[in-house]
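Per Swiss-Prot, the feature active site, proton acceptor maps to Asp13; the stated evidence is sequence analysis. Per Swiss-Prot, active site, proton donor is recorded for His41. Residues or ranges marked as GTP binding site in Swiss-Prot (evidence: sequence analysis): 12-18, 40-42, Arg301, 327-329, 412-414. Annotated IMP binding site per Swiss-Prot: Asp13, Glu14, Gly15, Lys16, Asn38, Ala39, Gly40, His41, Thr130, Arg144, Asn220, Thr235, Arg299, in sequence order. Marked as Mg(2+) binding site by Swiss-Prot: Asp13, Gly40. Marked as substrate binding site by Swiss-Prot on the basis of sequence analysis: Val295, Thr296, Thr297, Gly298, Arg299, Arg300, Arg301.
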Amino acid sequence: MGITIVLGSQWGDEGKGKITDMLSQQATLCCRAAGGHNAGHTIVHENITYDFHILPSGLVSPSCVNLIGAGTVVHVPSFFKELASLEEKGLKDAGKRIFISDRAHVCFDLHSVVDGLEEAKLGGRKVGTTGKGIGPCYSDKAARRGVRIGEIMDEAVFERKLRSLHAGYTARFGELEYDVEEEIGRFKDYRKRLVPYVVDQLAFFKQYKDSPNTLVEGANALMLDLDHGTYPYVTSSSTGLGGAVQALSLNPTSITSVIGVVKAYTTRVGSGPFPSEQLNEYGDKLQSVGREFGVTTGRRRRCGWFDLVLCRYSQAINHYTALNLTKLDILDDFDEIKVAVAYVLPDGTRLTDTYPADADLLEKVKVEYVSLPGWKSNTMGVRKYEDLPANARAYIEYIERELGGVPVKWIGTGPARDHMICRE
């Protein structure tokens with residue numbers, strides 16, 4: 001089994017969907033490792049637009065079997081809604097090619113209610129969550145009181161555990177805008193419908209042990225990782241390479257490539273430090289030209305220049321074997337393009353390849369930039385590297401050199417599926 005892992009290298013929304021879609025055409029197995037319906041990416045396949053949240057995007061490939069792994073949290077209504085949407089758009093057999101680990105956890109509507117209450121209590125220190133209940137669900141998992149997908153099948157156990165969760169949150173917050181008995185009633189239907197999808201993950205992988213090409217689809221990104229990201233402004237799961245190996249019980253020696261997906265500039269949704277953010281006309285231009293609105297929340301993304309300090313840190317943790325640089329065309333109309341090359345701390349310390357753990361300290365750093373000349377010409381839809389303007393190639397090659405020679409193998413030049421350069 002050869003395993004390819006696709007990971008976000010910044011704060012998410014890098015455009016992982018397109019490379020995942022492309023690689024899934026050769027994959028026989030596609031897996032989601034972590035996260036839930038807080039993730040979101042869009043794929044345009046045969047002129048049809050698909051929005052993915054919890055489902056693996058390998059479903060667009062008719063020969064690809066898909067797994068939602070043990071490290072995920074699954075909002076069951078969203079699972080069925082998303083599956084129905086795919087089937088309505090022509091993927092009629094999608095339901096026969098998707099499975100869920102019985103060890104994945106259930107994200108309830110209760111968790112979404114609690115998410116909103118917890119954010120409200122934080123006031124001006126809000127994390128900026130998607131409000132989907134992901135954090136409270138992972139909190140319940142860590143506290144050993146969560147409900148696993150497999151436990152839905154035992155009606156008595158399921159109802160006891162959900163009522164216990166509800167009682168615990170009611171004791172903490174008071175009366176909630178949530179009816180536990182109503183949710184229990186809905187799961188009487190979901191229980192029957194889930195039966196064909198739920199599997200023992202290890203037995204599933206043994207069944208597909210001869211799969212020549214397995215694709216692991218990362219959600220969110222390294223800088224949102226619970227351990228390595230800009231804590232506490234992170235998601236609640238392990239979004240890096242280590243998290244994928246753990247969640248899917250992967251054999252590390254079978255990993256053949258780790259692809260880091262990086263935007264040609266930087267974006268972030270929600271709260272938290274963002275050293276290269278541009279609160280000026282450059283940030284506004286990146287936001288408007290790049291159509292930077294979240295797939296899941298519709299929120300406006302914060303925008304800034306490409307950050308080498310961040311990407312060196314990301315590379316050191318995820319060990320990318322190749323990069324996919326996306327949305328190069330968004331930079332077409334800039335006279336000059338800046339790249340963050342160092343952070344200077346308040347005491348004068350200069351950082352180039354380490355990332356402070358202290359979120360408050362990150363808010364205080366000064367950023368050193370280099371300026372590179374823009375290319376002021378259209379790269380939309382370019383499919384050959386040699387057809388790019390010289391300054392666009394120079395920008396890409398500068399990033400390669402500064403990231404220690406990790407090759408930029410794929411370059412996104414537009415929204416369409418074939419707007420991609422593949423460098424051999």
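Just so you know, glycine gets a Cβ as well, placed from its N, Cα and C.
Shown on the structure are the features that Swiss-Prot records.
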| residue | record | CB count, 10 Å |
| --- | --- | --- |
| Asp13 | active site, proton acceptor | 26 |
| Gly15 | GTP binding site | 20 |
| Asn38 | IMP binding site | 29 |
| Gly40 | IMP binding site | 20 |
| Thr130 | IMP binding site | 23 |
| Gly298 | substrate binding site | 8 |
| Arg299 | IMP binding site | 13 |
| Arg301 | substrate binding site | 21 |
| Leu328 | GTP binding site | 25 |
| Thr413 | GTP binding site | 26 |
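Put simply, Asn220 is the one of the recorded positions His41, Asn220, Arg299, Arg300, Arg301 whose Cα lies nearest to the Cα of Gly12 (GTP binding site). Close to Asp13 (active site, proton acceptor), meaning Cα to Cα within 10 A, are the following recorded positions out of Asn38, His41, Arg299: His41. The recorded positions examined here are Lys18, His41, Arg300; by Cβ neighbour count within 10 Å, the least packed of them is Arg300.
Close to Lys18 (GTP binding site), meaning Cα to Cα within 10 A, are none of the binding-site residues out of Arg299, Arg300, Arg301. Thr130 (IMP binding site) and Thr42 (GTP binding site) are 17 Å apart (CA-CA, integer value). Just so you know, of the binding-site residues Thr42, Asn220, the Cβ with the fewest other Cβ atoms around it within 10 Å is the one at Thr42. Note on proximity: of the binding-site residues Gly15, Arg301, Leu328, the one nearest Thr130 (IMP binding site) is Arg301, by Cα distance. Closest to Gly15 (GTP binding site) by Cα-Cα distance, out of the recorded positions Gly40, His41, Asn220, Arg299, is His41.
Nearest by CA distance to Leu328 (GTP binding site), out of the binding-site residues Gly298, Arg300, Arg301, is Arg301. Closest in space to Gly40 (IMP binding site), of the binding-site residues given as Gly298, Arg300, Thr413, is Gly298, taking the CA atom of each residue. Under DSSP, Leu328 (GTP binding site) is assigned to a helix (H, G or I) in the three-state scheme.
Residues Asp13, Glu14, Gly15, Lys16, Asn38, Ala39, Gly40, His41, Thr130, Arg144, Asn220, Thr235, Arg299 are recorded as binding IMP; their most distant pair of Cα atoms lies 34 Å apart.
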